[in-house]
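**Student:** If you scroll down you'll find the structure; I have some questions about it.
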């Protein structure tokens with residue numbers, strides 16, 4: 001079991017399976033008779049809100065000592081902190097659903113591939129992180145793959161390109177905002193999730209009226225009870241799966257390494273394209289295959305480069321820590337059974353430490 005840790009394998013398998021099911025299910029919903037991306041987004045967010053409350057009540061009654069989920073609350077202070085993150089989140093999800101409506105499942109990974117590029121840009125601009133040459137090359141490969149894919153009109157149309165690029169921008173802002181907001185909420189990830197889904201549920205409803213999708217409510221009123229159930233149930237199911245996917249993602253981050261998590265995402269993108277071909281009868285041209293290879297390959301290259309850089313930083317920190325210990329030990333001059341510590345002023349202070357007891 002040393003080489004095949006069951007917990008990590010299960011987490012990554014669930015991540016890949018649920019993610020692919022969500023994309024295929026959302027594609028069926030958005031290309032069906034009720035293809036309203038904003039209505040779908042709103043119902044999904046309300047489902048997430050409801051699932052969170054139910055999960056909190058269930059875990060607090062069955063396993064109260066573990067405090068798995070943060071208690072649902074309503075704080076204007078926390079809402080103000082989470083507001084930029086939640087606005088970028090609802091924009092990212094809405095645009096992502098809209099993109100999926102107009103882009104084949106097999107090409108969806110291409111349309112969303114610019115997330116990496118924008119993630120790097122906003123990390124540099126907002127978080128002041130540095131970027132190496134190899135990572136810049138990886139981003140250029142991804143961008144080239146996206147550009148090549150955009151020339152295949154059957155894979156990507158102009159509406160899919162625009163919504164895919166915009167959703168990538170807002171997802172990158174959302175990821176950066178999570179890193180800034182979570183520490184402000186005492187590093188409580190589930191509390192961050194609660195306030196995020198609370199705010200996004202509100203804004204998704206507002207967007208329905210801003211972009212004139214409220215006519216969908218009139219369509220629902222005119223439907224028979226069976227038609228309503230047939231229309232709403234798949235959306236509710238996708239909302240529940242979205243909540244579960246969020247928990248699985250958090251679990252993956254906790255029990256797996258970044259390289260395993262990211263590589264699973266790249267494998268999932270390839271399988272997702274294959275499933276789109278099988279289930280929806282989509283075709284993959286040579287241009288689309290080349291584009292997929294470049295976007296997935298460039299993303300994998302970036303992941304390995306960042307992993308190597310982080311390893312180098314860790315070694316540097318350890319070396320500095322060792323040097324500090326050596327420096328500190330040289331500043332302690334033993335005097336019989338006590339010690340003398342030289343402070344910053346050059347003066348010596350006696351300390352009541354028995355050196356014989358130090359091992």
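Numbering starts at 1 and runs along the chain as displayed.
Every residue gets a Cβ built from N, Cα and C, even glycine.
So TrEMBL says this about it:
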- 13-302: domain 'Sugar phosphate transporter' (DOMAIN)
- 12-30: transmembrane segment (TRANSMEM)
- 42-63: transmembrane segment (TRANSMEM)
- 75-95: transmembrane segment (TRANSMEM)
- 107-127: transmembrane segment (TRANSMEM)
- 134-151: transmembrane segment (TRANSMEM)
- 157-178: transmembrane segment (TRANSMEM)
- 190-211: transmembrane segment (TRANSMEM)
- 231-252: transmembrane segment (TRANSMEM)
- 284-305: transmembrane segment (TRANSMEM)
**Student:** Quick one: find which recorded stretch in 134-151, 190-211, 231-252 has the most Cβ pairs under 8 Å with the transmembrane segment (12-30).
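**Tutor:** If we count Cβ pairs closer than 8 Å to the transmembrane segment (12-30), 231-252 scores highest.
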**Student:** Using a Cβ-Cβ cut-off of under 8 Å, list the residues of the same chain that are 6+ residues beyond the ends of the transmembrane segment (231-252) and lie near it.
**Tutor:** 11-12, 14-15, 18-19, 21-22, 25-26, 28-29, 32-34, 39-40, 43-48, 51-52, 55, 189, 193, 220, 223, 261, 264
**Student:** Under 8 Å for C-beta pairs, could you tell me which stretch among 42-63, 157-178, 284-305 has the largest tally with the transmembrane segment (190-211)?
**Tutor:** 42-63
**Student:** Against which stretches of its own chain does the transmembrane segment (42-63) lie, if we need a Cβ under 8 Å and a gap of at least six residues from its ends?
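**Tutor:** Counting only partners 6 or more residues beyond its ends, the transmembrane segment (42-63) has Cβ contacts under 8 Å with 69-72, 90, 93, 190, 193-194, 197-198, 200-201, 204-205, 207-208, 232, 235-236, 238-240, 242-243, 246.
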**Student:** Do the transmembrane segment (75-95) and the transmembrane segment (157-178) come together with 3 or more C-beta pairs under 8 Å, pairs six or more apart in sequence?
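**Tutor:** They are in contact.
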**Student:** Can you say which of 107-127, 134-151, 284-305 has the most Cβ pairs under 8 Å with the transmembrane segment (157-178)?
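**Tutor:** Selected stretch: 107-127, with the most Cβ pairs under 8 Å.
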